[in-house]
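Novice: Quick one: the structure is below, questions incoming.
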Amino acid sequence: MQSLMVLRKLLTAKSFPFYPSIVRSLICVSSVLQQIHRPHPQEPPLSPETLLNASDESLVKWVSSILSSSHLDSSQCKKLLPLLSPLEFDRCFQDIGLNVNSKTTLNFFHFASKIYKFRFTVRSYCLLIRLLVSSNLESPARLLLIRLIDGKVPALFANNGHSRHIEIAMTMGDLNLFASSIGIKVVDLLIHVYCTQFKHPGFSFAVDVFSVLANKGVFPSLKTCNFLLTSLVKANELHKSYLVFDAICNGGITPDVYLFSTMINSLCRGARVEYAIELFQRMEKLGTAPNVVTYNNIIHGLCKHGKLDEAFLFKEKMIKHGVNPSLITYSVLINGLINLEKFDDANSMLTEMTEKGFLPNEVVYNTLINGYCKMGNINEALKIRDIMVSQGLRPNVVTLNSLLHGFSMASQMENVEHELEEMLSRGVQINQDAYGSVISWLCLKSKFDSALHFTRDMMLKNLRPNDRLLTTLVSGLCKSGKESDALELWYNLLEKGCAVHTITSNALIHGLCEAGKVQEAKRLLKEMLQRGLVLDKISYNTLILGCCKEGKIEEGFRLKAEMVRRGIRPDIYTYNLLLHGLCNLGKLEEAISLWDECRQNGITPNIYTYGVMMNGYCKANQVEEAETLFSEMLSSEMKLNSVVYNTLIGVYSKNKNLVEAFRLRDDMKSRGIAQTSFTYSSLIHGLCNSGLVDDAYLLIDEMRKEGLFPNVTCYTAVISGYCKLGKMDKVESLLQEMSSHAIHPNKITYTIIINGYCKMGNMKAAASLLSEMDDKGILPDSVTYNVFTNAFCKQEQLEEAFNLCDHMSGRGVYLDEITYTTLIDGLHPSTSASQD
């Protein structure tokens with residue numbers, strides 16, 4: 001902001017050159033200047049013998065003799081160098097001036113520093129650079145300067161070489177180089193090297209050096225000033241460009257049209273359009289005629305900030321002053337009109353542009369297309385695209401990206417696939433981002449075949465999809481049953497030399513395991529290891545999960561052991577998976593051992609671990625151990641969930657311990673833990689098994705009040721209870737209630753009701769339900785048929801029982817052991833009665 005205030009003063013100056021004093025804001029330069037000591041670095045004093053054998057005058061003659069020769073005499077150098085100190089050579093070199101052979105001198109520096117590790121002063125190196133420039137040896141001078149700045153030559157720097165660029169600039173300034181054309185060339189070289197060779201400090205070095213020289217009244221040529229200012233603006237170092245421009249103007253240098261135009265561009269880019277206009281006016285007063293670039297910079301700045309009226313006034317002004325608008329002028333104005341959604345005016349400007357003999361280029365057409373797309377007017381955008389093609393111009397990736405946005409705005413993303421295909425057929429070079437946008441959308445719409453097609457095309461062009469996109473595609477392919485395509489894509493990536501991210505590989509392993517292809521997933525894991533790809537816990541845990549799902553718990557433990565061998569420590573998720581697998585197989589003792597190992601390894605069990613172990617204990621009817629774990633969770637203040645509560649509620653209900661079951665239910669409610677359908681289902685079963693069917697039915701109403709929807713399992717439990725009590729009227733009422741709530745009876749429901757009617761001897765009602773099952777496409781199983789067979793045998797209707805068995809066989813339902821036992825008992829009722 002300070003530099004802009006100075007610039008404001010500069011703009012209001014009455015005459016040229018600009019005389020207001022400039023407040024230097026390069027504090028970093030000033031602080032460094034204070035740190036650099038003016039005297040040369042200390043060096044060991046000459047020995048008495050040296051002082052006796054070599055006077056100053058003889059040294060000068062000796063050095064001059066060596067350096068003036070057309071070839072370097074190494075024998076003379078070997079005699080001289082032991083008698084010479086860096087400061088003495090510096091004084092000699094200063095006295096000799098330019099009266100030496102440039103190439104010989106350069107060779108001397110090289111010989112002395114390499115063979116004798118001789119450290120020349122910074123001033124000696126600067127004098128050599130000046131000498132080389134004066135001899136038109138700019139390439140060696142440039143290389144030497146770069147090596148000096150980089151610290152690659154044995155020079156005596158103050159402060160151990162810190163802020164070398166400041167010391168070099170100060171030394172150059174002290175040599176009074178500006179008095180000659182050679183001096184200007186040296187300064188030009190210095191600034192140019194910093195701008196081109198040392199960009200990493202963000203042009204700070206170049207500005208620091210410029211500031212040091214400016215303080216000494218030393219300035220580069222106008223061409224180099226333009227180069228420096230342009231470089232700063234291109235690098236978006238706008239504040240530094242203001243400082244440099246101020247220094248140039250205060251240094252007595254008359255800015256030309258290029259310097260003014262660059263500064264105007266900088267001000268516009270920095271949202272200082274009002275200052276840009278003032279500088280434009282000042283430029284005119286000084287008699288510097290603006291050119292088309294100057295006008296375009298002003299017009300662009302005004303358009304960018306929505307000042308279209310002023311921009312068009314400048315367009316009229318340039319025409320009035322004989323400066324013809326260019327293609328860029330029209331492009332900028334069209335873009336400004338489009339940004340303000342003045343499409344009719346933009347089209348008029350396009351017509352004027354064509355009439356003036358300017359053919360719109362891709363930039364102009366893309367500007368129009370992008371504007372229409374932003375408005376969601378995709379049809380008009382496509383018309384412009386067609387005109388563009390008819391003019392022999394090829395749509396490019398910018399066109400595609402705009403159309404992608406337009407299709408999205410118009411909710412016509414289904415056309416994206418066709419648009420991309422069309423552009424590819426025209427040979428348009430599509431970049432990675434455009435491909436990625438289309439593929440991402442196709443994945444979102446589950447069009448994985450098309451997404452895979454474009455991904456393959458992308459890879460053929462040596463473009464690699466990003467890891468997130470690849471992971472999404474691999475996961476999608478696996479979910480849609482295309483694991484082989486996902487696997488092929490994975491191998492193609494490796495063949496192309498593309499590193500596959502572990503997340504992508506894990507997604508593929510997960511997909512294969514979910515599809516039941518655990519062996520294929522294991523082969524993939526081995527392939528990853530052989531290729532040196534990174535594996536993590538997720539890779540192994542995913543495979544362990546797949547093994548446990550298939551009941552291959554031994555495989556899971558082998559994978560766990562392999563994890564440990566490879567230095568991957570199993571985590572709580574690893575243990576949870578294996579514990580769950582063991583408990584599902586009823587291997588409770590092994591689960592207990594693994595639980596102990598988990599704790600011994602310093603891994604803290606989580607709520608899921610406790611839930612798995614509690615469920616395992618409950619399945620083995622070791623309820624006390626499950627209660628112990630539950631109490632342990634309560635004492636550790638672990639945040640409980642519905643799963644652990646439901647585990648105990650389920651086992652209490654099953655064992656008809658309804659007091660404890662409901663106590664736990666109430667404890668859930670008091671802790672704010674939401675009851676689930678499983679909670680109510682367990683309680684309903686417990687009540688029905690205890691003959692409290694009416695109480696169970698009341699829980700169905702309570703469920704609805706809690707925002708839960710009773711499912712067929714809950715209704716079936718109540719129906720079973722009423723069937724046991726012989727209350728078939730209640731059963732019929734419940735069936736109607738289920739129908740009103742769109743809850744459909746399943747095979748178990750029908751079988752229980754059929755059994756209820758059969759027990760009451762109402763075979764007609766039972767047969768009607770069997771027919772209803774058939775009509776609804778619910779296939780009876782052997783249990784359903786056995787209910788009928790048992791009822792017929794008890795009523796001594798053996799013929800109907802055998803006919804039913806034939807019916808079973810005809811429908812593909814095999815007679816089981818219960819069927820045969822029932823029929824045998826029916827054939828020998830006396831035997832069965834005697835056995836009873």
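Cβ coordinates are placed from backbone N, Cα and C, and glycine is handled just like the others.
Straight out of TrEMBL:
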- 256-290: repeat 'PPR' (REPEAT)
- 291-325: repeat 'PPR' (REPEAT)
- 326-360: repeat 'PPR' (REPEAT)
- 361-395: repeat 'PPR' (REPEAT)
- 466-500: repeat 'PPR' (REPEAT)
- 501-535: repeat 'PPR' (REPEAT)
- 536-570: repeat 'PPR' (REPEAT)
- 571-605: repeat 'PPR' (REPEAT)
- 641-675: repeat 'PPR' (REPEAT)
- 676-710: repeat 'PPR' (REPEAT)
- 711-745: repeat 'PPR' (REPEAT)
- 746-780: repeat 'PPR' (REPEAT)
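So where do these features actually land, and what's packed around them?
Specialist: Long-range neighbours of the repeat 'PPR' (256-290) within the same chain, counting only residues 6 or more positions beyond its ends whose Cβ lies under 8 Å from a Cβ of the stretch, are 4, 7-8, 11-12, 16, 222, 225-226, 229-230, 232-233, 236, 238-239, 241-242, 245, 248, 297-298, 300-302, 304-305, 307, 318, 321, 323.
Mean model confidence of the repeat 'PPR' (291-325) amounts to 91 (pLDDT, 0 to 100 scale).
A Cβ distance under 8 Å defines the sequence-distant neighbours of the repeat 'PPR' (361-395), meaning residues of its chain 6+ beyond its ends; these are 327, 330-331, 334-335, 338-339, 341, 343, 346, 350, 353, 402-403, 405-407, 409-410, 412, 423, 426-428.
Taken through DSSP, the repeat 'PPR' (466-500) splits into 26 helix, 0 strand, 9 coil.
Residues 502, 505-506, 509-510, 512-514, 516, 518, 521-522, 525, 528, 577-578, 580-582, 584-585, 587, 601, 603 of the same chain lie 6+ residues outside the repeat 'PPR' (536-570) yet bring a C-beta within less than 8 angstroms of a C-beta in it.
Non-local neighbours of the repeat 'PPR' (641-675) in the same chain are 607-608, 610-611, 614-615, 618, 623, 626-627, 630, 633, 682-683, 685-687, 689-690, 692, 706, 708; each lies 6+ residues outside the stretch with a CB under 8 Å from one of its CB atoms.
Under 8 Å from some Cβ of the repeat 'PPR' (676-710) lie the Cβ atoms of residues 642, 645-646, 649-650, 652-654, 656, 658, 661-662, 665, 668, 717-718, 720-722, 724-725, 727, 730, 734, 741, 743, all in the same chain and six or more residues away from its ends.
Within the same chain, residues 712, 715-716, 719-720, 722-724, 726, 728, 731, 735, 787-788, 790-792, 795, 811, 813 sit at least 6 positions outside the repeat 'PPR' (746-780) and bring their C-beta atoms closer than 8 Å to a C-beta of that stretch.
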Novice: Counting only residues 6+ away from its ends, which parts of the chain sit with a Cβ under 8 Å from the repeat 'PPR' (291-325)?
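Specialist: Residues 257-258, 260-261, 264-265, 267-269, 271, 273, 276-277, 280, 283, 332-333, 335-337, 339-340, 342, 356.
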